[in-house]
Amino acid sequence: ASGQLHRPQPQEHTSTSAAAGTWRHTQASESRHRLPHCSAAPSHQDHSAMGFGPELWCPKGHSELLRLQDSELRLLELMKKWMSERAKSDREYAGMLHHMFSQLGSEEPPPALPLQEDRQSVCSTDQERSGVTALETIKNHISGIFSPRFSLPPPVPLIPEVQKPLCQQAWYHGAIPRSEVQELLKCSGDFLVRESQGKQEYVLSVLWDGQPRHFIIQAADNLYRLEGDGFPTIPLLIDHLLQSQQPITRKSGIVLTRAVLKDKWVLNHEDVLLGERIGRGNFGEVFSGRLRADNTPVAVKSCRETLPPELKAKFLQEARILKQYNHPNIVRLIGVCTQKQPIYIVMELVQGGDFLSFLRSKGPHLKMKELIKMMENAAAGMEYLESKHCIHRDLAARNCLVTEKNTLKISDFGMSRQEEDGVYASTGGMKQIPVKWTAPEALNYGRYSSESDVWSFGILLWEAFSLGAVPYANLSNQQTREAIEQGVRLEPPEQCPEDVYRLMQRCWEYDPRRRPSFGAVHQDLIAIRKRHR
């Protein structure tokens, strides 16, 4: 406990005569002799050792003073212990203090010495100070409990927004696809600045008369301009157009009204430290990494700079899907780096790797109940996606990840689509479709839905209980399609429980309407796991 206390100070008198001094000594002496049960003062040596002058010596008064101080110390310790155990918030903390002070009552106790000065003499009149009550003493000591928890560095000078570099401007979106710009600009006069993909040019994109308009920012002689005056930086150019309401060009008559700010998912490339390569995807390589801010382990998907703009847009589709979701069985998006090339998608790093490799290496050592639990995780994640009208379209063991605690997470949303009616019609041909995992209506008519994902989940179940075997291993893609049309289905894996295989067969109903929902699949797997204790 801290807080400065003051020694008692005798009342001052205006008279300075020797008679007045004699009167004070006499009064003090008489007062001392009138105190009940007070013995005569000890020798000067004795009471000096006690820290008192002869005029203040009173054994009972001294004992009472020490008793009060001991009570204060015990009360302080009790309050510290109690409040450290009970206080849950500042409001509750203040309420408890008020309660404790109210218990002290309104009557003020005699003055008390400061704790740090218990052994100092109080007879020196030139150092005597005004007394404080015991209540004030306690308050001062308790003030130490509320000392600031953290010390802050001195404030730094604030940099005006217009003087910050381009990459720190909230309206600079980096190398986002042109198609995404159209989704971001909502009202006439909305604008943003981006990097033109493949051309290393900066573009001002504005919505005007319902159409997105794109203006290349000219750079020459260390100045940036659109039409008219040049400016040393692009932020100064944009600030001038906003403040002056000058048209971007005389011919267009377009005026900037509102900046469209990048969302919280956008990271700078410098925010991410890349580690080793851990895989390769359709669009580029995958690296392990860490966030500079807090050392969070991450997986970083990179997009090859040589890809055409339409494929770069498809690469970012996964991030646009994932940033809407939050579920323990869905891999978590951390952010995207679009400020420059190459574009990154930053996701949580799931240390156990992909489910297919896990099944082939560790599957033989798993208990049946553990395997069912992992498929229960997959069903829970897919039930969540179903509730969000998200169609995965590429559900397979290779696209699921396993944590160090054997929790399964749905991943790889590169082919995913989110549709209001839960149905997606594909017109892109068969080039990238995983035929052996895809429902017949999707193969025949390009019709994708949660029901087609349920078919794929049945194949995932088969992969899990066959410990990573290839479905239809002896058939080509075309032969597989023909066999399915003729009613042929995969045989049950060795040692697969009968109730699990019956669930697979329900997932493989030819008519999508007869397949169970993911909610029903999830509940079935919970019941199956309980039966396999």
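Cβ atoms are placed via backbone N, Cα and C, with glycine included.
Record check: Swiss-Prot places ILE278, GLY279, ARG280, GLY281, ASN282, PHE283, GLY284, GLU285, VAL286 at the ATP site, and the matching candidate among LYS264, LYS301 is LYS301.
In sequence order, LYS301, SER302, CYS303, ARG304, LEU307, PHE315, PRO342 are the residues near GLY284 (ATP binding site), counting only same-chain partners six or more apart with C-beta under 8 A.
Neighbour density for ARG280 (ATP binding site): within 10 A of its CB lie 10 other CB atoms from the protein chains shown. In this structure the C-alpha atoms belonging to VAL286 (ATP binding site) and ASP394 (active site, proton acceptor) are separated by 18 Å. ARG280 (ATP binding site) sits 17 Å from ASP394 (active site, proton acceptor), counting Cα to Cα.
Non-local contacts of ILE278 (ATP binding site) by the CB criterion (under 8 A, 6+ apart in sequence, same chain) comprise VAL286, PHE287, SER288, ALA299. The local packing around ASN282 (ATP binding site), expressed as other Cβ atoms within 10 Å of its Cβ over all shown chains, amounts to 15.
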